[in-house]
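Features of the protein shown, as given by TrEMBL:
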ACT_SITE  His320  active site, tele-AMP-histidine intermediate
BINDING   Gln104  ATP binding site
DOMAIN    13-338  domain 'RNA 3'-terminal phosphate cyclase'
DOMAIN    184-286  domain 'RNA 3'-terminal phosphate cyclase insert'
Amino acid sequence: MDGDRVEIDGGIMEGGGQILRVSTALSCLLGLPLRVRRIRAGRSQPGLRPQHLSGLEMVRDLCDGKLNGGEIGSTEITFTPGKIKGGTHIADTKTAGSVCLLMQVAMPCVLFAASPSELHLKGGTNAEMAPQIDYTVMVFKPVVEKFNFTFNCDIKRRGYYPQGGGEVVVQMSPVKELSPINLTERGTVTKIYGRAFVAGALPIKLAKDMSAAAVRCIRREIRDLYINIQPVREPDDQAVGTGSGIIIVAETSTGCLLAGSSLGKRGKNADKVGIEAAEMLLQNLKHGGTVDDSLQDQLIIFMALAKGVSRVKSGPITLHTQTAIHFAEQLTKAKFTVTKSGEEDPSKDTYIIECQGIGMINPNL
């Protein structure tokens, strides 16, 4: 069997956990045995961290697969997938490792399972270097559902760095196949809303300060829109530990959603957190694309699996997206092209990501 393993170099391009997530999910879906070497070679602590390992173990369990090399710090794994089944699956990072990254690896797999799935994902809900759970619910979910599937995401408990302890339950039913998407018309911004949150030992005043600073920053660029960023204190029985942060979403007339977000940490002024998120949002609005920088790469795997041609207009292509495209093409044989968008306004740095998907059919339905 070993001669037929697909060899993946985990140290090229973005060189992080994303290579592992994309290639394991596709291995599981396509029934391709996999060997990944040089895992996270580009990182200060190379090899598997707890969140990567719990993601791999969940995919292994989802499809009754075999995983070798699954230890913390391991820089090489082999994975042999079996048949994807539904049911209840638990993944616990036991750290503040991101539940959203666990969702990224599992979701494409359970879409093609034999029966509905319920995923209990435990770890950090609002973690650095990953989308916040609020982003997943407010931006990722409504956009990715355009591929013609739905899922339910119930935030049971929030967990923050360093201890984690959050839990999210994701429920989804399998589909026969995915429809392509066409996100090329940006439209005009019709509303801006969001939430600034504090939890644990932090006073609500911090949330109000983050919100106010963000609104002031956006007002300098966008004067005529009502901006509604709710300051909230997470209920003590629904949050573990102490954390704070903000997410701001801009919705457009064509239904596009673009966001900016930031997390608080000790010694970081609340105004700075609000301003960071606002500046990220404005940056994402400036390029004229229909998706923001955080969503770009998350859509690639679904575009590759969908039936027909998907087109997405984006700002400059991130290294994460280039990496996702590289491995999606290598494993699925889907064909991606990225072209500079012929904008009327040459100052806009926009691109069209186009993909001829493979039209994956769920063999179980």
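Each Cβ is built from the backbone N, Cα and C atoms, and glycine gets one as well.
DSSP assignment over the domain 'RNA 3'-terminal phosphate cyclase insert' (184-286) gives 36 helix, 37 strand, 30 coil. Here His320 (active site, tele-AMP-histidine intermediate) is positioned 13 angstrom away from Gln104 (ATP binding site), judged by their C-alpha atoms.
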